[in-house]
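Have a look at the structure below before the remarks.
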Amino acid sequence: MKIAVIGQSLFGQEVYCHLRKEGHEIVGVFTIPDKDGKADPLGLEAKKDGVPVFKFPRWRARGQALPDVVAKYQALGAELNVLPFCSQFIPMEVIDAPRHGSIIYHPSLLPRHRGASAINWTLIHGDKKGGFTVFWADDGLDTGDLLLQKECEVLPDDTVSTLYNRFLFPEGIKGMVEAVRLISEGKAPRLPQPEEGATYEGIQKKETAKINWDQPAEAIHNWIRGNDKVPGAWTEACGQKLTFFNSTLNTSDLVPEGEDLLIPGAHRPGMVTKAGLILFGNDDRMLLVKNIQLEDGKMIPASHFFKGAASSALELTEAEVITAEAVRSAWQRILPSVPDIEDSTDFFKSGAASVDVVRLVEEVKELCDGLELENEDVYMATTFGDFIQLLVRKLRGEDEENECVIDYVEKAVNKLTLYIPHQLFIGGMFVDAEGTKTYDAINPTDGSVICQVSLAQVSDVDKAVAAAKDAFENGLWGKISARDRGRLLYRLADLMEQHQEELATIEALDAGAVYTLALKTHVGMSIQTFRYFAGWCDKIQGCTIPINQARPNRNLTLTKKEPVGVCGIVIPWNYPLMMLSWKTAACLAAGNTVVIKPAQVTPLTALKFAELTLKAGIPKGVINILPGSGSLVGQRLSDHPDVRKIGFTGSTEVGKHIMRSCALSNVKKISLELGGKSPLIIFADCDLNKAVQMGMSSVFFNKGENCIAAGRLFVENSIHDQFVQKVVEEVKKMKIGNPLDRDTNHGPQNHQAHLKKLLEYCQHGMKEGATLICGGNQVPRPGFFFEPTVFTDVEDHMFIAKEESFGPIMIISRFADGDVDTVLSRANATEFGLASGVFTRDINKALYVSDKLEAGTVFVNTYNKTDVAAPFGGFKQSGFGKDLGEAALNEYLRVKTVTFEY
């Protein structure tokens with residue numbers, strides 16, 4: 001169709017561009033005159049395309065259409081007028097002129113909120129649903145017949161900007177294009193607007209935006225967010241007009257401790273706290289305001305209201321001076337009416353509008369290699385000098401304004417003062433779960449409550465995935481070089497090392513890990529893992545491939561390895577930090593973003609890790625951590641359409657369920673490390689003392705809570721009794737006790753339910769006739785302690801011969817002297833294949849057995865010897881895919897083939 005586009009703004013520009021892509025002929029664009037030498041984006045875009053652009057200051061005078069204006073419009077022969085956003089009054093001679101009439105976009109669900117401030121009033125009234133309408137223009141005020149409507153949920157903390165940017169802008173563009181498509185196909189409805197429920201509200205202006213304090217907190221919050229950013233809800237306090245922005249009712253964990261701010265007419269004084277300004281409604285409920293604009297136009301964090309002048313100005317380096325001059329040029333382009341941009345030049349007082357904020361932010365991001373900069377930053381530093389100071393602080397990593405507020409749980413343990421985060425970590429912030437749901441984190445040493453931890457809900461998963469997706473698609477993470485990505489991971493590893501005693505102590509508290517083992521393995525290997533994969537970041541390469549040439553032309557084919565996108569990682573409770581590191585380090589090195597679900601019973605080291613990622617400078621949204629249940633959080637990650645990869649360590653049963661969900665949702669990439677029943681074969685020709693030592697480690701390491709633990713030992717008949725005797729002697733030497741004691745060998749089991757399963761497991765063994773040599777009982781002391789246990793005379797049909805205990809239970813079976821093939825057959829007679837081991841001095845036998853064992857890892861004359869450079873993963877129902885080593889990177893990459901012809 002031949003279309004005339006009448007309107008302005010970036011929204012009008014996008015609608016114009018999309019209509020052209022649809023194949024419509026734009027015969028003319030009518031927009032507003034230039035302001036301060038700046039053309040509207042819609043007119044600029046049309047001019048580039050050679051489309052006639054008209055900038056009438058007005059269309060009518062004294063209530064009558066201007067004949068020359070109407071004549072210029074009619075000469076274009078438009079069949080439809082499209083008004084995406086128009087601030088001018090268009091006469092009916094133009095509205096009714098085209099064959100198909102005119103359609104208008106309105107940002108509310110008509111007939112509700114007719115008028116020019118519809119988005120503001122949607123929020124002010126606390127509507128739970130918002131949306132937009134495309135309607136047929138008539139001579140009334142937003143009263144024309146309905147053509148199309150789309151609705152969305154209004155979130156509790158939405159502002160005009162967030163609602164517009166999240167839904168009204170992107171979906172509105174699609175809606176306008178869809179409406180034109182329906183008209184061109186002759187399918188566009190004309191539904192009369194009902195008068196029931198109709199409202200009309202006037203334009204919100206600064207003078208009418210003063211806050212009425214005699215109302216509940218929710219109404220005050222709605223008034224503030226409904227006027228955020230324009231015109232801005234304000235009050236008088238401290239002898240000046242203060243305008244409030246970024247309001248929230250999410251104050252459940254806030255303690256009103258700070259300095260009072262007296263506000264005339266308010267039910268109670270406000271309170272300036274480290275989190276912001278707490279305000280009170282007449283119902284005594286709280287709301288929190290995060291930013292305040294002073295009367296001189298300067299925007300400050302509300303928490304800084306009573307602070308003195310900002311710290312002294314930074315002295316710029318030579319490189320920073322060059323950057324500042326480039327930014328000065330950007331200001332000059334945006335503010336052409338200002339002869340010289342000086343430090344005192346105010347962006348908004350010089351004529352900049354909200355559209356110019358977007359332009360400035362995008363230009364500076366491009367100048368500074370994708371630096372994280374938000375529209376809010378421009379409002380916080382409105383003069384050029386302040387803006388450059390803010391920008392340099394960000395470039396140096398000193399952006400104190402965006403410092404994350406962390407509500408720590410403080411514990412004095414192990415001669416340390418621990419500061420433990422306990423909330424969800426989403427988008428670089430620690431936040432409460434939806435509905436402020438929490439659960440108790442239990443210390444397995446004595447059964448006491450460590451703290452309450454936020455319990456993630458399905459809506460929290462959606463927020464975390466959205467944050468990760470935005471960080472992947474739009475954030476700094478995808479724009480920095482691979483080498484810089486590696487530098488951030490190295491920095492994270494260094495911070496983990498600096499905090500290793502704290503991390504190991506938390507691991508002992510939360511998971512019952514023996515402190516000395518946690519220091520060396522749980523934490524030590526985590527640090528090594530991040531350092532190893534940091535080194536891989538700039539070595540992920542594709543290749544060139546010779547293919548048949550398309551003669552007489554030639555071809556070049558190459559492959560690129562790309563990150564898959566948002567990944568979900570679900571980790572177990574036995575090595576909380578180490579399992580997180582094994583998967584997350586490879587995932588991040590490949591360039592992905594991630595949502596991590598730690599085990600519900602062991603979330604605390606993951607949350608401390610989250611804090612360290614902030615200190616390392618990992619961009620917000622790249623890493624998100626959600627303590628919660630597998631049935632809610634894990635399931636939603638598996639089902640979520642924006643998650644492209646799941647990495648899971650856990651049981652085979654749950655792994656199968658996740659695999660099914662990943663297939664049915666969006667055919668996610670998946671890697672699984674599942675259950676095991678790892679065989680360890682001990683031949684008579686072994687070094688017996690070493691076999692006993694390693695056999696003990698293969699079972700009792702980390703209290704038996706070890707995915708590759710030797711689930712069954714096959715001992716050659718001629719040394720069987722001697723081996724058992726030595727093992728029992730060693731078991732008696734083990735000290736069971738507080739995992740924080742340096743001489744403890746054996747700490748508590750991870751949680752009470754697991755302890756109960758171990759007791760039931762031993763009952764199974766005894767009932768089926770296996771011989772209990774030692775152990776098998778709960779230790780009579782507080783906490784979840786279980787005795788190291790040894791069973792012999794275990795036959796192949798028994799439950800304990802086939803099923804994994806995941807605890808400190810040694811299962812010993814004999815095999816006939818010299819019968820290598822039979823014991824191999826017995827060892828492989830399991831659906832699991834995670835790890836295995838063999839002890840023998842005969843190299844030929846060792847090689848033969850390692851070839852025949854059906855497991856992802858075979859240990860020869862050692863056990864538990866994993867390394868960050870060696871791939872780790874199982875066969876059969878122990879899963880597929882690899883952690884660690886170069887192979888792990890491929891789990892988080894996709895290969896793209898590109899072919900050129902020349």
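Every residue, even glycine, has its Cβ placed from backbone N, Cα and C.
The active site, proton donor feature in TrEMBL is assigned to His106, Cys707. If you look up TrEMBL, you'll see Glu673 marked as active site. Marked as active site, proton acceptor by TrEMBL: Glu673. The (6R)-10-formyltetrahydrofolate binding site annotation in TrEMBL covers Gln88, Phe89, Ile90, Asp142. According to TrEMBL, the NADP(+) binding site annotation covers 571-573, 597-600, 630-635, 650-651, Lys757, 804-806. Taken from TrEMBL, the feature domain 'Carrier' covers 318-395. What TrEMBL records for Asp142 is site 'Essential for catalytic activity'.
Sequence features annotated in TrEMBL and their locations in the structure.
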{"residue": "Gln88", "record": "(6R)-10-formyltetrahydrofolate binding site", "Cβ contacts under 8 Å, 6 or more apart": "Ile6, Ile32, Phe56, Arg58, Trp59"}
{"residue": "Phe89", "record": "(6R)-10-formyltetrahydrofolate binding site", "Cβ contacts under 8 Å, 6 or more apart": "Trp59, Arg60"}
{"residue": "His106", "record": "active site, proton donor", "Cβ contacts under 8 Å, 6 or more apart": "Arg114, Ala118, Phe132, Thr133, Val134, Phe135, Asp142"}
{"residue": "Ile571", "record": "NADP(+) binding site", "Cβ contacts under 8 Å, 6 or more apart": "Met579, Leu580, Lys583, Ile596, Lys597, Pro598, Ala599, Ala606, Thr649"}
{"residue": "Leu632", "record": "NADP(+) binding site", "Cβ contacts under 8 Å, 6 or more apart": "Ala456, Gln457, Val458, Val461"}
{"residue": "Cys707", "record": "active site, proton donor", "Cβ contacts under 8 Å, 6 or more apart": "Pro572, Asn574, Thr649, Glu673, Gly676, Leu834"}
{"residue": "Lys757", "record": "NADP(+) binding site", "Cβ contacts under 8 Å, 6 or more apart": "Gly807"}
{"residue": "Phe806", "record": "NADP(+) binding site", "Cβ contacts under 8 Å, 6 or more apart": "Asn574, Gly704, Glu705, Asn706, Ala709, His754"}
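Within the model, the domain 'Carrier' (318-395) carries an average pLDDT of 85.
The recorded positions considered are Asp142, Glu673; of these, Asp142 has the fewest other C-beta atoms within 10 angstroms of its C-beta. Fewest other C-beta atoms within 10 Å: among the binding-site residues Gln600, Gln635, that description fits Gln635. When every Cα pair among Gln88, Phe89, Ile90, Asp142 is compared, the largest distance found for this (6R)-10-formyltetrahydrofolate site is 14 Å. Gln600 (NADP(+) binding site) sits 60 Å from Ile90 ((6R)-10-formyltetrahydrofolate binding site), counting Cα to Cα. For Ile90 ((6R)-10-formyltetrahydrofolate binding site), the number of other Cβ atoms no farther than 10 Å from its own Cβ, over all displayed protein chains, is 21.
For the domain 'Carrier' (318-395), residue counts in helix, strand and coil come to 49 helix, 2 strand, 27 coil, using DSSP. Gln635 (NADP(+) binding site) sits 53 Å from Ile90 ((6R)-10-formyltetrahydrofolate binding site), taking the Cα positions as reference.
Other than the site residues Gln88, Phe89, Ile90, Asp142, same-chain residues with C-beta atoms no more than 8 angstroms from the centre of those residues' C-beta atoms, the (6R)-10-formyltetrahydrofolate site, are Leu83, Cys86, Ser87.
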